Amino acid sequence: MTTPPPRPAAPTTDPGDTPTWAMILGRLTTGQSLLPGQTAWAMDQIMTGVATPAQIAAFAVSMKMKRPTSAEVTELAEIMLKHALPVPTDTIGTHTVDIVGTGGDGANTVNLSTMASIVVAAAGVPVVKHGNRAASSLSGGADTLEALGLRIDLGPDDVARCVAEVGIGFAFAPQFHPSYRHAGAVRREIGVPTVFNLLGPLTNPAKPRAGLIGCAWGDLAEVMAGVFATRGSSALVVHGDDGLDELTTTTTSTIWRVQAGTVERLTFDPAAFGFARAHVSELTGGDAEANAASAREVLGGATGPVRDAVLLNAAGAMVAHAGLSSDAKWVPAWESGLARAKEAIDSGAAEQLLARWVRFTQEL
């Protein structure tokens, strides 16, 4: 039997060495994780415009192929936040919640997280939603909110005012992460998922303590959960077993429950809470105008598969928020979240909150 040739070694590095791109890429392309501080150095080079497009592309792809660790992604996210415009939290605090996904599932569903965010806020839980325009679908959360009449270009102080006055604010990613433009251009040119796809849900400039976070890649959801655990957040990182970056109603979902610095992996079946199985085609969306129309219908009380999925994700966000309390119980938290989500829609509160939010942003 022929012995395969040895794998080429990365350049020898000492933890005290000043990083270089040859050192970083040498480790990644030979399947080795980076040493503490090396990922942060690379991301800082990217965010400050020092890294070349070739270096950025090589880093993003090789990190994804190697499979990033939670420690590496934590460094990426923290450097990105260091360069971000922060949402002031002196009036809104950090006990807010975000509902956001990585995108990239290829299903082109309606904007479930956007609708769920409005429902959660109408139920009395403060929301700071972080989002962007569509990258791979026909309509991202920002596109749909804009079609609903919302001003999406608000700065940090005005987003905080929205949360304080209305109960919900939208942080449009390009507005808060101007330094990310160097990576963003390369990411669009590459056209395939990279480690950068994980960063949107991890870099909300308001730093909410709770989140319902969707991940389109099951093998990377646990990595994201590890980042939230390091931060001491309460989060549900979810991956639909049909591939959606949402809590799905077509089958079961896998949930990584993050609470008090620990991560627990669970299988979640919405049928246990009375939800009928849907087909993914019943959740398919369209362009921004079509998705805005769907949002108006659901928030106006229309029943059906889209409402079910919105209720499920809204409840999940409230479960994550409840997890900020050490005595939160799993099943009772779900029962409470679902009841509050239904009441928020059926009472008209969600529809009214959307109208108030749109009006408030237009008057700023």
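Backbone N, Cα and C atoms are what each Cβ position is placed from, and that goes for glycine too.
Positions annotated as 5-phospho-alpha-D-ribose 1-diphosphate binding site by Swiss-Prot: Gly101, 104-105, Thr109, 111-114, 129-137, Gly141. According to Swiss-Prot, the anthranilate 1 binding site annotation covers Gly101, Asn132. If you look up Swiss-Prot, you'll see Ser113, Glu246 marked as Mg(2+) 1 binding site, on the strength of sequence analysis. What Swiss-Prot records for Arg187 is anthranilate 2 binding site. The Mg(2+) 2 binding site annotation in Swiss-Prot covers Asp245, Glu246.
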Cα-nearest neighbour of Ser113 (5-phospho-alpha-D-ribose 1-diphosphate binding site) within the listed binding-site residues, Asn132, Arg187, Asp245, Glu246: Glu246
Cα distance (Å, whole number) from Gly101 (5-phospho-alpha-D-ribose 1-diphosphate binding site) to Asn132 (anthranilate 1 binding site): 11
Glu246 (Mg(2+) 1 binding site) and Arg187 (anthranilate 2 binding site), Cα-Cα, nearest whole angstrom: 23
Residues satisfying Cβ distance under 8 Å from Glu246 (Mg(2+) 1 binding site), sequence separation of at least 6: Gly101, Thr109, Leu112, Ser113, Gly214, Val238, Gly240, Ala309, Asn313
The one of His130, Arg133, Arg187 whose CB sees the fewest other CB atoms within 10 Å, among these binding-site residues: Arg133
Between Asp245 (Mg(2+) 2 binding site) and Ser136 (5-phospho-alpha-D-ribose 1-diphosphate binding site): CA-CA distance (Å): 13
Other CB atoms within 10 A, centred on Asp245 (Mg(2+) 2 binding site): 27
All-chain count of other Cβ atoms within 10 Å of Asn132 (anthranilate 1 binding site): 20
Integer Cα-Cα distance in angstrom, His130 (5-phospho-alpha-D-ribose 1-diphosphate binding site) to Asp245 (Mg(2+) 2 binding site): 15
Most crowded position, judged by CB atoms within 10 A, among Thr109, Ser136 as binding-site residues: Thr109
Asp245 (Mg(2+) 2 binding site) versus Arg133 (5-phospho-alpha-D-ribose 1-diphosphate binding site) - Cα distance in angstrom: 16
